[in-house]
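Peer 1: What TrEMBL records for this protein is below:
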- Lys229: active site, schiff-base intermediate with acetaldehyde (ACT_SITE)
- Lys265: active site, proton donor/acceptor (ACT_SITE)
Amino acid sequence: MYPQSGRAGGTLVRCPYYIIYDLSWISKVQVNHPAVLRRAQQVQARRTVKKEWQAAWLLKAVTFIDLTTLSGDDTSSNVQRLCYKAKYPIREDLLKALNMHDKDITTAAVCVYPARVCDAVRALKAAGCNIPVASVATGFPAGQTHLKTRLEEIRLAVEDGATEIDVVINRSLVLTGQWEALYDEIRQFRKACGEAHLKTILATGELGSLTNVYKASMIAMMAGSDFIKTSTGKETVNATFPVAIVMLRAIRDFFWKTGNKIGFKPAGGIRSAKDALAWLSLIKEELGDEWLKPELFRIGASTLLSDIERQIYHHVTGRYAAYHDLPMS
């Protein structure tokens with residue numbers, strides 16, 4: 001019924017679409033908070049996979065990572081190092097020991113500030129790879145700049161070579177129930193992105209309730225978002241399982257209504273390999289194996305990859321890596 005996104009030549013390709021604003025989709029929604037918390041506790045209490053199965057899942061997790069640097073002291077040199085790590089996320093000898101050295105394992109994307117998009121594009125081109133460059137935009141992380149400025153920031157990032165744009169919404173529109181205004185704003189973000197992929201950051205830790213999280217998720221998808229994302233990573237509360245469950249159920253409801261698959265990206269506070277395995281398990285259970293691919297699932301993280309590589313090192317060698325054993329990311 002509706003066009004779907006896909007991957008061609010290693011980069012995301014999208015077909016623009018949107019759903020006409022319909023308040024009836026969200027007007028009577030109320031999230032059952034205790035039930036969501038019970039489901040989240042089940043996920044957190046589950047024992048993880050071990051040994052070779054764990055190694056396989058961790059390598060798969062690497063391919064979902066948007067390797068990120070969003071610091072005030074970012075320079076062209078550390079962006080270049082980030083891009084190199086994105087292309088070579090796991091040491092070559094460790095991949096050979098797992099017979100995975102010829103599988104072209106890379107991260108899903110690199111994510112930087114708009115001013116660093118050119119640096120990332122140049123670094124990846126020099127490395128001879130086609131990993132997408134994602135840029136945050138629209139007054140990240142607060143989203144409290146003029147709309148004209150936010151739209152121009154998107155356009156400039158796309159002109160510089162970003163193929164994925166992570167926008168932040170104006171949280172006040174959610175908190176005051178201005179759903180049509182939120183829809184119209186995201187529609188303008190969608191138009192400004194052109195052919196670039198649009199990931200909409202809800203900043204769920206600042207939305208007040210799980211019901212608001214569900215409603216904001218549905219509005220973002222109706223307005224043409226390719227992904228919905230939990231957090232900027234700068235809020236006090238970032239990616240949590242209760243919030244994720246609500247957003248994943250919204251994605252599932254949207255798919256049932258429209259036939260269109262929307263991606264999901266948790267970000268903020270996902271630092272350990274154990275965390276990554278729990279998130280993969282949650283996606284598999286809530287949305288199925290179809291969503292376990294970079295076109296529909298990403299993890300926004302800056303330090304997660306280092307711990308995954310340490311766990312892979314331990315699986316292969318039987319000991320934990322010293323600080324100097326693994327390349328810096």
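Here the Cβ of each residue, glycine as well, is placed from N, Cα and C on the backbone.
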Peer 1: Would you kindly give the Cα-Cα distance separating the residue listed as 'active site, schiff-base intermediate with acetaldehyde' and Lys265 (active site, proton donor/acceptor), rounded to the nearest Å?
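Peer 2: Given the Cα positions, Lys265 (active site, proton donor/acceptor) is 5 Å from the residue listed as 'active site, schiff-base intermediate with acetaldehyde'.
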Peer 1: When you measure from the Cβ of the residue listed as 'active site, proton donor/acceptor', how many other Cβ atoms are you left with inside 10 Å?
Peer 2: 25
Peer 1: Tell me, how many other CB atoms lie within 10 A of the CB of the residue listed as 'active site, schiff-base intermediate with acetaldehyde', whichever protein chain they belong to?
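Peer 2: Total other Cβ atoms inside 10 Å, all chains included: 28.
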